[in-house]
Amino acid sequence: MRNKYIFVVFLRCYRNFDCAGTCERVQDSDTPNTSDQCDVETDQSGSPQASTDKPYRCDQCDYTASHSTSLQAHKNTHTGEKPYSCDQCDYKTNRLQNLKTHEVTHSDEKPYSCDACDYRASHPAYLRAHKATHTGQKRYSCDQCDYKTNRLQNLKSHDMTHTGEKPYPCDACDYKTTNLGYLRTHKATHTGVKPYSCDQCNYKTNRSQNLRMHERTHTGEKPFMCDQCDYSASHSSDMIKHKRIHTGEKPYLCDRCDYRSNQVANLEKHKRTHTGERPYACDECDYRGSHMNALKAHKRTHTGEKPYPCSHCSYRASRLNGLRAHERTHTGERPYPCDQCDYSATHSSDLKKHKRTHTGEKPYLCDQCDYSSSQLVNLDKHKRTHTGEKPYACDRCDHRTSHLNSMNAHKRTHSGERPYACDRCDYTASRTNHMKLHMRTHTGEKPFMCDRCDYSASQLNNLKRHKKTHTGDKPFTCDQCHFRTNQSSSLERHKRTHTGERPYMCDRCDYTATQLNHLRNHTRTHTADKPYLCDRCDYRTGRADCLRAHKRTHTGERPYECDQCDYKTSRPDCLRSHKRRHSSAAAYRCDQCHFGTNRSDCLRAHKRSHLGDRPFRCDQCHYSSAHAVALKVHKRKHDDSTARFQAQC
């Protein structure tokens, strides 16, 4: 029995006071029994009792200890000496017990188990901290904000977010962190060592904790449950973050603006918006991201992977937040309102971009010209105009483009897919920006205003075109005739009048067009769709520009003036036709006869006389014509006949 008591005293000494040696002897006298190398005492009955005597004092601070070995371990915190090192990695410590605790991480021995879930720990302190995730107890609180935690080490790391201190630097790069564990994890990114592997897939990691979390993706286990909703998580940290949604707690503050976050990782990402740091580089192109998730999402633009499908339509997204934003196009939800106008957005990033239309802020500058943009993605696209890079190629034709969104939109011209539907009329679009522009025809919104006159436009490109009417600048010239324009796209369309190219075909008749919007206008002749209504009379049309021209018949406005005579008109195409009368040369000539004209539509109509093509058919008789105007004149005969018949009745 005596030997058993000595072992118990030794065990308490070893576990509680990190003694390097063993208890060599136990005194047997009338005085309390005291070990030479520990501070465990026993009373005369043999029961152990704690000593309150701490005779060993530190000469550099007010620390006191009950044993010399404890004092020596403490002094190492002043000198920085760490005499105990791990023989399997570069870990060092100033206490032997810390080394023993660390060595368990290599053996994977975890003798301490949680009685509420399957968590196991290598040290009782880790288990105590884990149990607090079940009870919700947070003993440690920050004295500068409302942050609370169940671990002292977490509080120490958090305090550094206020001081800016990052005492753990990487010796291979300029990375610094507030936590030694974060530094060890970071160092593995340099060595590439990932000793922990999943036995069900090829996943590898440099942390055993990450492996445990990953294994739950196979088992589906989510042991951490929210007590306020039905959310469950596979990891305690996810549950802590989730609970802040209910409490509204955002303990992490930016020291340069009023941004707050409920996650320290989000704060780190946000700070890079101030510093401009983009440490994550793509190995296939020159893209750099401010955080790893952005890089992962970007890489999907190379692989084409879109793992997030919409449950309402065939849309798939490469990012989860992209899917959430898309789903709002079905629900109509626009939770982000502008505080300066009635605009609301489906996504917070769209609202930020919109606000720059009020402030005029364009923080992204081109280093090769004076171009500036309110969006980084626009700057990236613009830079390709200097390099000529068009990395995205269509697999069904030879079309190439400089950015992925344009390629996806182009592919829909082959598939005919138009996934975006208007909730006010039967209009559908293949691109979200087309839908946004269309919605303005219902709302009448024209957010882009000219600073030299009272002109306003629903599209920025229209405003840019309009501004050139003030400057008269027409830098794009045709190399086959005297045509000049202020837009490269207009020049491309014009050149088709020389080549005869008409790439846009109607799927209901043999109509072809040089421009996509001409084809759209034509298809409305089949559907009789006329969504644009005049608010002064019963006029309806299938084209927004025709409605604008019609409204001028009410106002008498004639904004288009000839610079060679006093001619004025309400339509730009009429002005162009008029100006050709001042020029003796015919801009458009037939390649089969001597016919010449100053109007491309007249040349097209003339060419039908050679082909015998009569695409304009009357829906009341067998009449057909090569000219749309002739068909209109013919239809008036039916209208007159109907009127005469009704008069006779």
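Numbering starts at 1 and runs along the chain as it is shown here.
Backbone N, Cα and C atoms are what each Cβ position is placed from, and that goes for glycine too.
Please treat TrEMBL annotations as automatic predictions, because they have not gone through curation.
The following features are taken from TrEMBL:
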type	residues	note
COMPBIAS	29-52	compositional bias 'Polar residues'
DOMAIN	112-139	domain 'C2H2-type'
DOMAIN	196-223	domain 'C2H2-type'
DOMAIN	252-279	domain 'C2H2-type'
DOMAIN	308-335	domain 'C2H2-type'
DOMAIN	336-363	domain 'C2H2-type'
DOMAIN	364-391	domain 'C2H2-type'
DOMAIN	392-419	domain 'C2H2-type'
DOMAIN	448-475	domain 'C2H2-type'
DOMAIN	476-503	domain 'C2H2-type'
DOMAIN	504-531	domain 'C2H2-type'
DOMAIN	588-615	domain 'C2H2-type'
DOMAIN	616-643	domain 'C2H2-type'
REGION	26-54	region 'Disordered'
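Highest Cβ pair count under 8 Å relative to the domain 'C2H2-type' (196-223), across stretches 112-139, 252-279, 392-419, 588-615, 616-643: 112-139.
Across the domain 'C2H2-type' (252-279), DSSP helix (H, G, I), strand (E, B) and coil residues number 12 helix, 4 strand, 12 coil. Residue counts for the domain 'C2H2-type' (448-475) under DSSP, split into helix (H, G, I), strand (E, B) and coil, are 12 helix, 4 strand, 12 coil.
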